[in-house]
Amino acid sequence: MDDDVEILDVDDDNSPRQVPLKNQDLSQLSFTVGEFLSLYGWYLLAVTVTVLLLIQHLRKRRTGQSRQDSVPHNLQDASLVTKRQEAMEAARRRMQEELDAKAAAFKEKQRQQEEEKRRQKIEEWESMKQGKSSKGHKLSGNTEEASPAAAGLKPKMDKKPLRSNDYNPLMGQGGSCSWRPGRRGPSGGG
């Protein structure tokens with residue numbers, strides 16, 4: 001196949017004229033670009049990414065320097081920071097006062113509960129001295145009624161044991177849950 005193409009143009013007097021194409025080496029150019037990219041494509045990509053990161057870094061540095069140059073802005077920031085810190089300190093003080101008040105109330109409640117328990121123990125001790133139980137009933141009336149009930153609560157001793165005395169679960173005697181190793185060798189019968 002011949003890549004050269006000739007185009008004939010007709011002038012006004014109907015005589016053919018030869019016009020050369022402007023992009024004759026376009027296929028050669030695409031081949032050259034493809035070969036270049038296949039050889040140096042990864043390097044080209046790495047260089048491009050590095051340049052983009054460098055540009056971003058320089059922009060950040062430039063904006064940081066322009067912020068440092070504005071001195072009145074920093075004075076405003078300092079005043080805002082001190083106001084914010086004072087507000088946080090006031091909030092912390094308020095929260096600490098609330099916590100201290102709650103702790104004092106809890107301590108007072110605990111002290112009252114302990115005082116109540118101590119008073120109840122003293123009352124029980126006084127009632128025990130007088131011969132009453134802690135519930136306020138006399139002990140003499142309850143002992144006669146409680147003796148048959150206490151005999152009914154005793155466990156039965158004539159039960160037979162669930163297993164014999166010589167049973168050892170590690171010995172593997174009896175039971176349907178024993179483990180057996182699988183067969184060795186090929187699984188197909190043959």
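All positions are counted from 1 along the displayed chain.
Note: Cβ is positioned from N, Cα and C throughout, glycine not excepted.
The compositional bias 'Polar residues' annotation in TrEMBL covers 65-79.
If you look up TrEMBL, you'll see 83-129 marked as compositional bias 'Basic and acidic residues'. Remark: secondary structure over the compositional bias 'Basic and acidic residues' (83-129) totals 47 helix, 0 strand, 0 coil, with classes taken from DSSP.
TrEMBL lists 62-190 with the feature region 'Disordered'.
Marked as transmembrane segment by TrEMBL: 40-58. Cβ atoms under 8 Å from those of the transmembrane segment (40-58) belong to no residue of the same chain, restricted to positions at least 6 beyond its ends.
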